[in-house]
Structures are given as structure tokens and as C-alpha cells.
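S.K.: Input: one structure, supplied below.
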Amino acid sequence: MSIISERTQAPSLAVESFAGTLDVLSRILPARLLKPRVAIVCGSGLSTLASSLRDVVEVPYSSLQGFGKSTVEGHRSALAFGLTGEGDGIPVVAMLGRFHPYEGHSLSTVVYPIRVLARLGVRDIIITNAAGSLNPNLDVGTIVSIQDHLALPNLTGFHPLLGPTRPNYPRFLPLSTAYSRPLRRLVFLAAHALRLPRDALAEGTYAWVSGPSYETPAEGRFLSAAGADVVGMSTVPEVLAAREEGINVCVLSLVTNKVVIPEYKSVREEVQAELAGKAIERAPEAEVSHEEVLSVGKQKAEVMKSLVAKLIELIAAEQEK
Ligand SMILES: O=P(O)(O)O[C@@H]1C[C@H](O)[C@@H](CO)O1
Ligand SMILES: Nc1nc2[nH]cnc2c(=O)[nH]1
């Protein structure tokens, strides 16, 4: 079977394949919302990031050709167009819910909304996600500004940009500057303006895995040894499509759990101690759950929301320079 199977094949990027979606949006949206300057992708449990927008028009994914349906709890299925900031406001679009390959969506479906956002004129995107921490210094609740990624699926042939060469698209996309340094600078300036405590915001590398299982301890150790600070099941395909479309990318991961990497304790020794009648100390065995992920998302949504709102203000000010 060809590595470029139907599942991984990039979509046709002919103008006509976007025309239906863009036509629906242009009929629904008032002119001031139709050209968003910044886009937000809301990660698991983070749809409330869009709740501070005003004059909101929500467009369900079901009414947009080419969009799938998000089936994961904590993800809605709509685009929210609205304004943020003072005065006339800054037009923004938020993806309330994303698509993950583990839901059965093809990679081309996963990245299709990003390509639509590009065609609406979005120049800067803030992609958020919930992630597990692989780094002992990154506690639950920390927001991590992503500076790089490690994508084993991409390195082994599961890549959203596989497919024939397309006119006006680079064949070989460079990724050494994928995570915009100017935007990462604005993230820290936004945190400073909000007087967030120093440990509320960190920098790190995101490992993309396909999911839907969480990591075994050995996988956690492997990703950590390879240089990743957090791990998740999304974001990287969106980053690749955004970069291919020429959009500046900023990624914020919310640490919702620690990846469980226990010290192995020998069962043989435990049994021997038990047989010898010695007292045994057993550490409780921990497991992560999506409920825990959503619950931390809920608790931290307000901080994340104010950081994103301030960041959008700073981005809009930069765009006007
Ligand atoms: O969409 P994100 O990356 O925020 O969701 C994370 C990864 C899985 O989809 C899910 C696991 O709990 O949360
Ligand atoms: N792969 C992965 N994704 C996550 N999303 C939120 N937490 C986790 C995690 O621990 N592992």
C-alpha cells in the first residue's frame, strides 16, 4: 500500500474546494466580522476562551462544507466570530473544537479549517491545547508557550502535507522557525501586563502523538529523553498547515496532568518480602483520565482566557505598525 493512502492524502487546494465554505460565511457574517485578524483554536475544555468576545456570530461546523464534527468531550463544533478589545474592537475567529486523527478524521479534514481561516485573511493564530507534563519542573496548571515540536508521526509517514506538489505551495516546508519568536515575545509581554506569577507561564517543546491512549511509563520516559516537555494528541498538524499557508503561529499548552513515569519497583522483591512476612510499602498506582484533563481546563480557563485576550490586543497593535 502506498504511504500516501487516502487517510493521509492532502486535500485538493483548488480555489473551488473552499468556495462553498467561504460563500456560506460571507452570507451569514456582517462585514466587520468577515475578515478576522487573529484566530484562536480552543483545546480540550478551553472553548470558554471565546466567551469574552462580543457581537458573536456562531457558525456550526455542520453548516460548513469540508468541516467534520468534533466527537471529543470538551470540544464543541462551531466557529465563533466576534470582537475583542476596546473601541471598534478587533475581529477574531475562534474554533470551538478541533478534529483529532484518533477520532477517525483524515489529516486533511483535521487541517481543513486552518486553510479556511487563511482564506479569510487570518495572519496570526493562537493554537491552544491540553497536554501532559513530561518535565518535573512543569506542574499542573502551568501554561507552556511552545517553542518547538517533536512529531514522531510526521517523521514516520503520517504527515498532513503528504501529497502531490501544488501550485503556490512549497514542496519542502522549513520548520526551524515554525513557532514565531515575535509572537512568543508577545506572550511573555502579555503575562507581564497581567502580572501573572513567574511560574504561571513557561516555555517548552510539545511532542505530538496520535493517541487515543495515554502514554505508558516507557513512552513517557522516551519522549522526555528525546527533549519533549509536554505531550498531546493535536496541534502539530494545524501548525504545519498554518505555516504552509503563511500564518504566524503561537501555541499555548495548558498542563492538565503529569505523565505517569513511576520508578519501577521490583515485583519479585515485593513477593519475596511478602513471603518473608516483612511489611511492604506499596506506592499507589496513578492513572490519567480525560475527566482530569477537562477539570484542570475548567479551573484554569480564566487565566488562559485573560492571557489570550491580552495577547490578541498586543498582536493587533503589532499588525497596525
Ligand atoms: O485537543 P486537545 O489537544 O486540547 O486535547 C487533549 C488531547 C486529547 O484530545 C485529549 C486527551 O485528554 O486532550
Ligand atoms: N498524549 C497525551 N495527551 C494529553 N492531553 C492531556 N494530557 C495528555 C497526556 O498525558 N498525554
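First residue shown is number 1, and so on along the chain.
Glycine is treated like the rest: Cβ placed from N, Cα and C.
The model shown is predicted, which means the values in this text are computed figures rather than measured ones.
Among the features that TrEMBL reports, phosphate binding site is placed at Ser44, His75, Arg98, Phe99, His100, Ala130, Ser234. The annotation purine D-ribonucleoside binding site is assigned in TrEMBL to Glu215, Asn257. Taken from TrEMBL, the feature domain 'Nucleoside phosphorylase' covers 37-312.
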S.K.: Where Ala130 (phosphate binding site) and Asn257 (purine D-ribonucleoside binding site) are concerned, what is their Cα separation in Å, rounded?
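M.R.: One finds 9 Å between the Cα atoms of these residues.
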S.K.: Helix, strand or coil at Ser234 (phosphate binding site), per DSSP?
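M.R.: The residue in question, Ser234 (phosphate binding site), is coil (DSSP, three-state).
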S.K.: Look up His100 (phosphate binding site) in the DSSP assignment and reduce it to helix, strand or coil.
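M.R.: In three-state terms, His100 (phosphate binding site) counts as coil.
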S.K.: Given the binding-site residues Ser44, Ser234, Asn257, which one's Cβ is surrounded by the fewest other Cβ atoms within 10 Å?
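M.R.: Looking at the binding-site residues Ser44, Ser234, Asn257, the Cβ with the fewest others within 10 Å is that of Asn257.
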S.K.: To the nearest whole angstrom, what is the C-alpha distance linking Ser234 (phosphate binding site) and Asn257 (purine D-ribonucleoside binding site)?
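M.R.: With distance taken Cα to Cα, Asn257 (purine D-ribonucleoside binding site) is 16 Å from Ser234 (phosphate binding site).
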S.K.: For ligand 2, pick out the binding-site residues Ser44, His100, Ser234 that have a CB under 6 angstroms away from one of its atoms.
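M.R.: Qualifying residues: none.
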